[in-house]
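Here's the structure, in structure tokens; my notes come after.
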Amino acid sequence: MGRGKVQMKRIENKTSRQVTFSKRKNGILKKAYELSVLCDAEVAIIIISPSGRFYQMDRIIARYRNQVGLLHSTHEQLRTVESWKSEIEELEKSVNILEARLRHFNGEDISTLGVNELKQLERQLKIGVDRIRSKKSRVISEQIKSLKRRGKDLQEENLRLQQRVQLQELHDANLSLRNLGADRRVEFQQSVLRGSERPINQGI
């Protein structure tokens, strides 16, 4: 009489469940070993026991992660290179267009342009001239304002210097008046304030 088919359901008895786990685990590991030897393959099996014990193949898993990471990195690099190539192509197109426009602005290579393209070029040149004129007006206006400010500063500085000179002249005059009479002092001070250069006879 042959063995009956084992019903696939959870074994309720804890001891029986642990015994069955150990036997079946060893059988799985044996099959994995045989597969590895017969087929020259690396096999990793992750098993967690009912008690929570964790079985793992660290070396094989580490190698698997490295391989996946390497492939991922390679794919990322390829995508980056392709993205750069695409961006470079777009930049080259933009440069070519700008160089062509620059030549047209300089009056070069316009023989191949149609009427509409020539009109568009004319409008662009007019816009450019208007911008240049506007910029020129702003620059000249700023220069005029700057010169006016500079002129005002020079006038104020000149006034301050004149005041300093007058104060110094008054100071020197006061020193000279120490030996003069009161009337002659007043006359001399008034003469200095008027800017008169008439000499005063100190012997009188």
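Yeah, the Cβs are placed from backbone N, Cα and C, and that goes for glycine too.
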Range annotated as coiled coil in TrEMBL, from 81-108, 165-192: 81-108
The domain 'K-box' (81-173): DSSP-derived helix, strand, coil residue counts: 84 helix, 0 strand, 9 coil
